[in-house]
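If you check TrEMBL, you get these features:
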| type | residues | note |
| --- | --- | --- |
| ACT_SITE | 306 | active site |
| ACT_SITE | 352 | active site |
| ACT_SITE | 407 | active site |
Ligand code: CMX
């Protein structure tokens, strides 16, 4: 295969920001509880980050990072090194590390709720943005700040209420997030004219507002579409995961609350090349606000090959159950898997563009299930599929990774606690994804990442480049 050489031109146009803060009342409140606020912690790091990148570019800017084959150009850009993502790296064998830490390490070191077992997603957000593990006090401050900012503008509530209940929850979610553009401090400041060094401070404030409001939006959609109930008020002294669970109507179930904390932590970030992360980053590079950038990312997450797969998995499992009944024998599962593949469909929840082993996000959910719901029939079915599917997919011979990804497990945990409405699942994924992609969006603006613009050619032109005649 012919190859095109590329130089390391990923890092361009670094600006030095000023560190003036535009603090809301909520942010000030958080500062009272914390030793050092998140914004101040991040602001202190920005000059070092800018210098680091400047030096790297100056001393090594023309070094070659790799080759690009024609196959990669036509193969979804797999493996092409062209993105900068600080928060996490995905290893094909080992899975995700958040700022160098594995999921079990994060479960160990990140602050927990009082009496809780799982890490608070607030801590992961702090870690992703700053590279530091926050103190319990700092995390409590962040919980308070997000709770303080959670209220929705009236027109967003009305917008959600006017959606037909058969409009997919992800479309409603994206619509509401797009409409939050109305609240964007960045868009307003940009319209007035601001120094580019200050962009990140507005991206920070917008991201904090956006993250704070996502559970309220998600819960309103859930209540409207499935429950016909009212959304409970945000409890100002409670954490993000609790408030999400409570507004959805599951706040009294301690295990569900713990599940939400784990779920929000592990679904957050998966390096920069996946569709939702890359889209958010790309749209942000045009200086679209965090609201517009993240809404674009959500639209990508809503695709069945990406985040929507968790909905697909549960529906597929229910259909399998209908067909095979209580016969969980290896033969029955094997036959169902082959029927799916022979029908020209993918086995949802299996395969991955990067991973070549079982996803550690799957493993952490399996461990949760083994502790909390070992006898659940649907969990037993998932376990049986886990035993059989890798062999069948290997025999089928197409997928490069026959092992399960994160989506193969999440729905089964949610349905156990009564949340059986699978079309809502990707909304939960979306709430979590904000905690991973928005830190990078803030970093992008802080270090002055430029508008993104890779090169494209027609097939005829590529043929010419590789000396082929068509
Ligand atoms: N079942 C059947 N076939 C599969 C498969 C699966 N689970 N996974 C991959 N394949 C097929 C592909 O469709 C492709 O077939 P064609 O050559 O006919 O196009 C072939 O195997 C090679 O694909 P690949 O290189 O192994 O996988 P990709 O990087 O192209 O795609 C992914 C990755 C996740 C889209 C794919 O594995 C898939 O469709 N999985 C099922 C959907 C899913 O679980 N998505 C969620 C991923 C995690 C997330 O983002 O949330």
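Glycine is no exception: its Cβ is also placed from the backbone N, Cα and C atoms.
Since this is a predicted model, take the numbers as computed values, not measurements.
Its Cβ taken as reference, residue 306 (active site) is surrounded by 19 other Cβ atoms within 10 Å in the chains shown. Comparing residue 352 (active site) with residue 306 (active site), their Cα atoms are 10 Å apart once rounded.
For residue 407 (active site) paired with residue 306 (active site), the C-alpha to C-alpha distance reads 9 Å.
The 10 Å shell around the Cβ of residue 352 (active site) contains 21 further Cβ atoms across the protein chains shown. Following the DSSP three-state reduction, the secondary structure of residue 407 (active site) is helix. Residue 407 (active site) is surrounded by 28 other CB atoms, counting those within 10 A of its CB over all protein chains shown.
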